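Per TrEMBL, the features are as follows:
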type     : residues  : note
TRANSMEM : B:20-41   : transmembrane segment
TRANSMEM : B:48-69   : transmembrane segment
TRANSMEM : B:75-99   : transmembrane segment
TRANSMEM : B:111-135 : transmembrane segment
TRANSMEM : B:163-182 : transmembrane segment
TRANSMEM : B:211-230 : transmembrane segment
TRANSMEM : B:236-256 : transmembrane segment
TRANSMEM : B:263-283 : transmembrane segment
TRANSMEM : B:289-308 : transmembrane segment
Amino acid sequence: MMAVLDSARKADEGRVRAVTGLRDRWANLPYGWRISVLFAFIIFLYALPGLEIPLISTPDTDFTSVLFLCAVYVLVAVGLNVVIGLAGLLDLGYIGFYAVGAYTVAILGSPNSPVVIQFPWVVCVPIAIAVTMVSGVILGWPTLRLRGDYLAIVTLGFGEIIRVFALNSDITNGNRGITGVPVPSEGTWPEWMDWFPGITAGRPIFSVSNVIGFYWLALTLVFICMLGVRRLERSRVGRSWLAIREDEDAAEVMGVPTFKYKLWAFAIGAALGGLSGALFFSKQTFINAQGFDLFTSILWVAAVVIGGAGNQLGVALGAILLAYLPERFREFADYRLLIFGVALIVMTIFRPQGLLPSRRRKVELEDRAKEGAVGE
Amino acid sequence: MNFEFLGDNFMSLTVTGLTQGAIYALVALGYTLVYGVLRLINFAHSEVFMIGTFVTTIVWAGLGFGVGASAPGTFGVLGLIALAVVAAGAASGGTALIVERVAYRPLRKRNAPSLIFLISAIGASVALFELVGAITDRQPRGMPSLVQPKVQFTIFGADVTNLQIGIILSALAMLAGLDIFINRTRLGRGVRAVAQNPDVAALMGVNKDRVIMLIFVLGGMMAGAASVLYDVKVGITTYSVGFLIGIKAFTAAVLGGIGNLRGALLGGLLLGVVENYGAGVFGNEWMDVVAFVMLVVVLLFRPTGLLGESLGRARA
Amino acid sequence: MVGLLLGAAACASDDDGGDSTDAAACGSKIAFFGALTGGNAQLGINIRDGAKLAVDQYNKANADCKVELVEKDSAGDPAQASGLATSVVQDAKILGVVGPAFSGESKVANPIMSKEGVVIITPSATNPALADQGDKTFHRALGNDASQGPGLALYMKDVMKVQKTFVVDDASEYGKGLADQVKKTLGSVVTANAVVKEQQTDFGALVTQINSSGADSIFWGGYYREAAPFLKQYRDAGGKAKFVAGDGVKDQAFVDGAGAANAEGAILTCPCVPPEKAGGTFAADYKAAVGRDAGTYSAEAFDAANILLAGIKAGNSTREKLETFVDGYTGQGVTTSFKFQENGEIDPSAVAIWAYKVAGGKIVADQEAPKS
Amino acid sequence: MSERNNLLEVDNVTIRFGGVTALDGVDFSVKEGEILGLIGPNGAGKTTCFNAVTGVVKPTSGAIRFRGKTLVGQQRHKITRLGIARTFQNIRLFPEMTALENVQVGADARHKTSVVGALFRTWRVPVKPHELVEVDAKSGFGRAVQQVRRTGQRIFGLSRHTLEERAAKEKATELLKLVGIEHRAGELARSLAYGEQRRLEIARALATEPGLLCLDEPAAGFNPAEKESLLELIRKIRDTGVTVLLIEHDMRLVMGVTDRIVVLEFGKKIAEGTPAEVRENPAVIAAYLGVPTDAA
Amino acid sequence: MLLELDNVTVSYGRIEALHGISLTVGEGEIVALIGANGAGKSTTMRAISGLRPVGQGKIHFDGQDITKMRADLRVIRGVSQSPEGRGIFPGMTVRENLEMGAYTRRVRAEVDEDLQRAFDLFPRLKEREKQAGGTLSGGEQQMLAVGRALMSRPKLLLLDEPSMGLAPMLIQQIFDIIVEINQQGTTVLLVEQNAQQALSRAHRAYVLETGRIVKEGSGNDLLTDPAVKDAYLGVA
């Protein structure tokens, strides 16, 4: 038994070395090369719905819809990564922000909502982001002074409160929900896009039955947000977050206004969560309280940590796996979550630093493992 | 809002709330024990409770008291319940122990940070309830009504039944037993020592691993006992029954001061009662909102819960 | 704008149909759409098995020209439904769908499928609003909540002669819809109402509330998972009021969970015909094929599938043709006689609301509810 | 020594934790530009005193003033911005950040860019050509991209964010050089050697541009050679105009570097004066050095 | 030899705190370990009692290799430590703290006897028997820590800074008690800041400097060694 574990661990270490090697080689590539490869990869991602790659495509459900879901989950993970990975705040009720964003768009934009304002999508989304940011601040103001584990239960409660509110309030139409959530634009595909597989000129860009438009929009937003978060990460703000995560007291003594930056982390995380919610439910065109359960929220946290908290590529990978694997392996139907649960345990034991660890994490965990107790 | 209703039925709501809270309190003990010693939210504890509810039905069904069976005489019922407590306690305790061995111990040996423990715990929780879900086809499982409630006495217009008295008293008794065990026995002292300072406890000759196994088993047994009370009271269980009760029990533990046994009792009872008042005033659907809002308010004024943390030392 | 969309849809389905005209309707597919996994799987499985029985019987009779049943497992989750619906649309061989099983997922999936002309016959989604979404290919093989609600309220009023009713709903699409209908029909007979939570098991406050309201009857708009523990706790607390609920509670697990003694006399209604009263040999065939007694909505699913199969048999090899066929279909199924109205609803005269009663620990058919 | 202004005044400060009195009416002041030693046996209240000055604990009574402003009740990060920096007895770096980043966090205390500035890089400032981004890609696409960026910067100028980033990096590199660990700049703090970590902590504290630097046992765990170079470093720091408050056990170090010494025992001040005066003080000898037994 | 450390190294993460320490403690001796703050004295103690894993080298106790043994098992073998910072269980009463010291022992009568002995040694503790450990003063906590360490009837008693935070009077008293305990047959390994006291009481002593032993000798020799005087006694 132990031998098997050891060899598995060894194989995995080999993989990590390969990844790390790749990372180093990447860093040593000439600037032009890196830029070119990056562009090629981005174009590949945009082209993915039209490529019909055999093993990757999902047999049972629409592949583009799965890609869209992946993109939305990556957006969620990027936001959650700010809160958990960078600032080190454990937020188990992140789905609450997702819901607030989605409902704001639905209520303000749908002709069938109890509040018939019917703003267009481009107006709704900034409002939704603003509202979620404010809700992040409202939640964070009293609770961010609490210690880590207490924050976890309080955020969990927040997520549940939002769900219960959505379920029982008149403004959300309860569980009957709101149909006709606005789509980003009523425009149609122009003639010159007709060559792309799956696109028919003259049909709406954003339609429920052809998701390519939504996927491209989501992908674009993912890139913008990742870039934005990367800018923050590599600035005074990001350093302050890391310092807070590492040692809050020392950070404070070094002049970091910790409360302010924790609140910012919460607000930015919330904004990204709200944006993803708005995006997802625009595509779905229908929203009700179903789909905001805490369980999903907890799975998101798991995805972020398993992917490699603190590393944007890592959390993106975690999110993609969470969205993609269940759709790809529909044949395991009833056992998907069971396998997922077991996988989580195995992962934490073999790869506590996540699939794509940030370099920092890796060193830390190796040191910690070395310091394990005596006689074991 | 319906304050008049609350006024009219205050005692009645109190009694039902206490009954509910007693079950929360027993489950909360598991969270509190593990947190007190390991500073770890044992997310899988809710499934430990869930396993207990099913083992109870299996034991009863095995003895010929399946769904729809009529209850035997008083002693028969007490016997069945006692048997169920033993079986569910053993099953839940065993489950908790397995979770510790499989999901936590390897991480402890590698000195992993607490976030990793949380993920492993989530994994264990998902795996357990999905396993039971798959086995039971995700169908609820019923059980016989063993106790026919009879009104024993009335206080301030509230009928109090033998079932309610039974549940509250058994919970109190189990809690008192655990309290004595932790505070008065040698092993219990070992538990407290590890909670207060694991290194120094090792210097006293306390085997930390054994203490950790002990608290998981103890917490599991309490959840097992709670699951029997729950079955007697509610009469139906499903694979997903643990989630909400788990969250509530954890809330109760934090409310009372996590790591504090008496805090768990106070938190559980208070949560049950306030939740019921809240349901009476704002409507049943706002019950959870009331519970969580109370939690936030309490934590704002008492950041370590009502009674503070006592099993473990307060963290600097 | 709408006209443009429809034009596009029609054009697209013409393209799709182009491939299969030569092979006639052979090799066509119909899809099952609903939950086969997750917490609400049982209903979906009942439906799938009913549809499967119909397809198997058809294939036995037409061995040279088989039809395939595709299973789309949504887990009842609207979020998964859209991708599945799109995949249904993209498979040109799929002409019609039995499902979606629930109202929530229907709201997402129906517009997608309808736009591309896929014929939808739901055997179980009873939310009235589904017929008003503008989905041209939507059909419902049974009465909706708007017809079940009044029917069962009339049953309460005229047959049970209730005086004071306490209405409970679970805030779900289905439960709240039904409860609203009951409230509307019963009018002043309803004394109070309350909302329970999904997966709630402890009903202390609610029981107190009902007891102090002095109601002689309770209407439960929701599912058995919550109804069973509620009724047990209510009876445990000495509550005597009669218990009435809709089809969401009509399941043996309800009786088992609440305890036979507690459930005794409870009235459960359903816009579904009792399987044993269903026409022909359905009940026996189902048992032989699946190994269980037919469950809720199995018979409706059987009928829905048969309507689609009849269309395919008649050579309707495109979605458009099949839609025309179904719209004009009249015929007797095992549950009732089918004729769809303009909006896809079944003809009101064909809707049968049945009242069932819990007696001796079993749910038995009582009588058909009076029609409004 | 000429009369100098009091930079820090600790005025009758008492601190109690539960029933234990950690500081009991302590009074002393630090003058601008001096190195003041704070000594006393283990548990005498030296670190508590530090914590009170840097806002980590709140005095039960008494006042602490820095440049005439009261510090009691101030938020900790504001105290740092007023000009007080410290190191910790048990090193408290940000272990998973690089050495350079650690120091940059300190330098950030003097910067202004926050979320909006970092995100949108507003607040543009025109710059001279040599400050623009370098075009170093060999050829082709990469070079083109860099050219575009350079042109953009020439037209729109540089953002305050970029300038502050550069300044922070420069300052951090400089300070790492000052404490002598510039060759480890890119390493994670946790992988530095012990002595390097101590030095890094000093660099980080200096990066906040303090008027007063509080060092809590900076020489703990050092061998004599390392102590010697630390002594040099402390002098160098003082010569740049930073006042130093030093807790240290090593008597030779304390005697060698400080201008004045305050001695604490059991939370009370028992002596104050120049090293020579303190060394002769019988109360200090008894308390700090231990009562010699007859066997000695 | 009762205790033998052979070229022991200990690391915290990537930082090596002990670079190969060798020392011996003979049966019945008092051995002192002195050195500046951060020299590695406490780390040495923790390695002996099993709280820190040893990187390289071996630790033998009573003829047995205990290098990889769990800390609680070492207590049963006869190693007992009063840790740095005293390590009182704040939530337990004085009596409970003492009983924790006897955790590994099963014979009730013997435990009661030792409890009595502890109260005889430290009458102050008897007065505070029912008081929570956290509420004691520093000196009382130190007494409790030493008393507790004795409750396991150790062969080897490890004392980490027993004089820390004590008034001079109390320091004298504690050292007197250490000598008394030693005379009753317990071997003592002592870590001290207060070099003067430690050296004058110890049979032998080692001087630690940045994780290495730089000097060893009898207590009196070291006490008069000019280099030691200069570095640790503060008398230039």
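Keep in mind that glycine also has a Cβ here, set from the backbone N, Cα and C atoms.
TrEMBL does not curate its annotations; it predicts them automatically.
Scored on C-beta pairs under 8 angstroms, the neighbour of the transmembrane segment (B:289-308) with the top count among B:20-41, B:111-135, B:211-230, B:263-283 is B:263-283. Within the chain carrying the transmembrane segment (B:111-135), a Cβ under 8 angstroms from the stretch's Cβ atoms is held by residues 39-44, 46-48, 50-51, 54, 95, 99, 102-104, 239-240, 242-243, all 6 or more beyond its ends.
For the transmembrane segment (B:263-283), the most Cβ-contacting stretch among B:20-41, B:48-69, B:75-99, B:163-182, B:211-230 is B:20-41 (pairs under 8 Å).
Sequence-distant residue pairs (6 or more apart) of the transmembrane segment (B:163-182) and the transmembrane segment (B:20-41) include at least 3 whose Cβ atoms are under 8 Å, placing the two stretches in contact. Listed by sequence, the residues of this chain that lie at least six past the ends of the transmembrane segment (B:48-69) yet keep a Cβ under 8 A from its Cβ atoms are 27, 30, 80, 83-84, 87-89, 91-92, 95-96, 99, 128-129, 132, 136, 141-144, 146, 219-220, 223-228, 230-231, 237, 239-242, 245-246, 249.
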